Amino acid sequence: MMSNHSSVTEFCLLGFSGSQELHHILFAVFFLFYSVTIIGNMVIIVTVSVDKRLQSPMYFFLGHLSALEIMITSLIVPVMLWGLLFLYLALGTTEFALVGAMAVDRYVAVCNTLRYNTIMNSRTCISVVIWSWVFGFLSEIWPVYATFQFTFCKSNVLDHFFCDRGQLLKLSCDDTLFTEFVLFLMAVFIIIGSLAPRIVSYTYLISTILTIPTASGRRKAFSTCASHFTFVVIGYGSCLFLYMKPKQTQAAEYSKIVSLLISVLTPLLNPFIFTLRNDKVKQALRDGVKRGYQLLKD
């Protein structure tokens, strides 16, 4: 038994309950998902970097988004408690900011086509990416610091598959009410603050698309925006259920399921959402495969 004056410094992750056979199946499934996620997002990064036809703001942001997905899904398997908790939350916040920039980019491309190159120039794109990364990391400094100021004396068993902050707070023997409320307000600011302009952007975007005279033009515009919308629905839907609660210490099984959507499903779907629905990227991939095959023949 631990005394009330001792504090836990190391935690044991329970992961998923079930038999050894189930664990083997889950290992195979998640290893497959992880492999596809890494390969798919790496393909996007390389293709965007080497193909001159993809040197535009949307693909510039997409390359950084793929890099974030690789890091987020790779950080779920915890090796160091402090570092992983900070990086996972910081990268998630950065992703919110970056996806917001991508939504604005699509709005400018459709609603201000003639001024697109002037507004979304290289300087603007680089500034947006830098500020997204800086905001993501700075916004998580206090939450991580505050979390580890608590004394964890109830147990050292964490009922999760990574170092989830809500489950950590459940193990604290201190009063966490004020910290949880501040974390809730920060979640509102980050999630709703980035979602609101996105909704406005999509509203203007859809209204502009509906004014396109030809059916093929409307179809093409909707196809481009549908991928972003799908990504936003999955990512924001999961985070709204997981973090938009005054009480951060939700049930472990509930937290595990929703966390899987954020950490496994979203990074897995990213290559398919942004490549299989995009003619330019598909053509660039086909050309890249042809060049590689030709080099192998020579």
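Glycine residues also receive a Cβ, built from the backbone N, Cα and C atoms like all the rest.
The domain 'G-protein coupled receptors family 1 profile' feature in TrEMBL is assigned to 40-274.
Residues or ranges marked as transmembrane segment by TrEMBL: 25-46 (among others).
Outside the transmembrane segment (58-79) by six or more residues, the chain places 13, 34, 37-38, 41-42, 44-45, 48-49, 87-88, 91-92, 94-95, 98-99, 101-102, 105-106, 109, 125, 128-129, 132, 161-163, 262-264, 266-268, 270-271, 274, 280-281 with a CB less than 8 A from a CB of the stretch. Among the features that TrEMBL reports, transmembrane segment is placed at 58-79 (among others).
Counting same-chain residues at least six beyond the ends of the transmembrane segment (85-104), those with a Cβ under 8 angstroms from any Cβ of the stretch are 58, 61-62, 64-65, 68-69, 71-72, 75-76, 128-129, 131-133, 135-137, 139-141, 143-144, 147, 162-163, 165, 168, 190-191, 194, 197-198, 201-202, 228, 231-232, 235, 239, 262-263. Residues or ranges marked as transmembrane segment in TrEMBL: 85-104 (among others).
Look at TrEMBL and you will find 125-145 (among others) tagged as transmembrane segment.
Taken from TrEMBL, the feature transmembrane segment covers 181-200 (among others).
The transmembrane segment annotation in TrEMBL covers 221-244 (among others).
Within the chain, the transmembrane segment (256-276) has long-range Cβ neighbours (under 8 A, six or more residues past its boundaries) at 16, 30, 33-34, 36-37, 40-41, 43-44, 62, 65-66, 69-70, 72-73, 76, 88, 92, 160-162, 164, 227, 230-231, 234-235, 237-239, 241-242, 282, 285. Under the heading transmembrane segment, TrEMBL lists 256-276 (among others).
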Outside the transmembrane segment (25-46), six or more residues from its ends: residues with CB under 8 Å to it: 16, 18, 62-63, 66-67, 69-70, 73-74, 264, 267-268, 270-272, 274-275, 281, 285
